[in-house]
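Student: So that we are looking at the same thing, I have put the structure below in structure tokens.
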Amino acid sequence: MTIHHDTPPTLNLIRLANGEGLDLPAYESKGAAGMDLRAAVDGDAPLTLAPGERALLPTGFIFEIPEGFEGQVRPRSGLAFKHGITCLNSPGTVDSDYRGEVKVLLANLGEEAFVIERGMRIAQMVIAPVTQARVTEIAAASETARGAGGFGSTGV
């Protein structure tokens, strides 16, 4: 169930020249957590991503993420499953004080070249609350049952 706030945060966008004609980022279903981001590549020159290659793709927009929130750029499950296309540095964080064009770092982990055309939905962005912790240095870590065990220490 999606929780609807009385006053959801407002996401202001600035459309850049390379974003002209592209749809605004949008939630594709009523319960969608992420809004789809589209490729702002040149319409006359689609980008071909060969297996093993990566590319930084423009979205054509500057996002003003509200203070106290972040934008999390994540892969689209269909592109990942069907073609091996994913976002590196996932989730990528768009901080609330960043004012440049949002770009998506895509990688082709599949076995075939993948063509990215203008307006194609390439990733999704989730707007999420941020907590900044107070950082303090201590002399020793507190004891726990788990201790320093990691990387499979609780079972696989």
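Indices start at 1 and increase along the chain as displayed.
Here the Cβ of each residue, glycine as well, is placed from N, Cα and C on the backbone.
Per Swiss-Prot, the feature substrate binding site maps to ARG76, SER77, GLY78, ASN89, THR93, VAL94, ASP95, LYS103; the stated evidence is sequence analysis.
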Student: According to DSSP, which of helix, strand or coil covers ARG76 (substrate binding site)?
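Tutor: Where ARG76 (substrate binding site) sits, the three-state DSSP reduction gives coil.
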Student: With an 8 Å cut-off on Cβ-Cβ distance and a minimum sequence separation of at least 6, pull the same-chain contacts of VAL94 (substrate binding site), or say none.
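Tutor: In sequence order, PHE63, ILE65, GLU70, GLY71, GLN72, VAL73, VAL102, MET125 meet the Cβ cut-off.
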Student: Where the record says ARG76, SER77, GLY78, ASN89, THR93, VAL94, ASP95, LYS103 bind substrate, what is the longest distance in Å from one Cα to another among those residues?
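Tutor: If we measure all Cα pairs in ARG76, SER77, GLY78, ASN89, THR93, VAL94, ASP95, LYS103, the largest is 26 Å.
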Student: Of all the binding-site residues given, ARG76, LYS103, which has the fewest Cβ neighbours within 10 Å once its own Cβ is left out?
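Tutor: Least crowded of the binding-site residues ARG76, LYS103, by Cβ count within 10 Å, is LYS103.
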Student: Once the chains shown are all counted, how many other Cβ atoms turn up within 10 Å of the Cβ of ASP95 (substrate binding site)?
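Tutor: ASP95 (substrate binding site) is surrounded by 11 other Cβ atoms within 10 Å.
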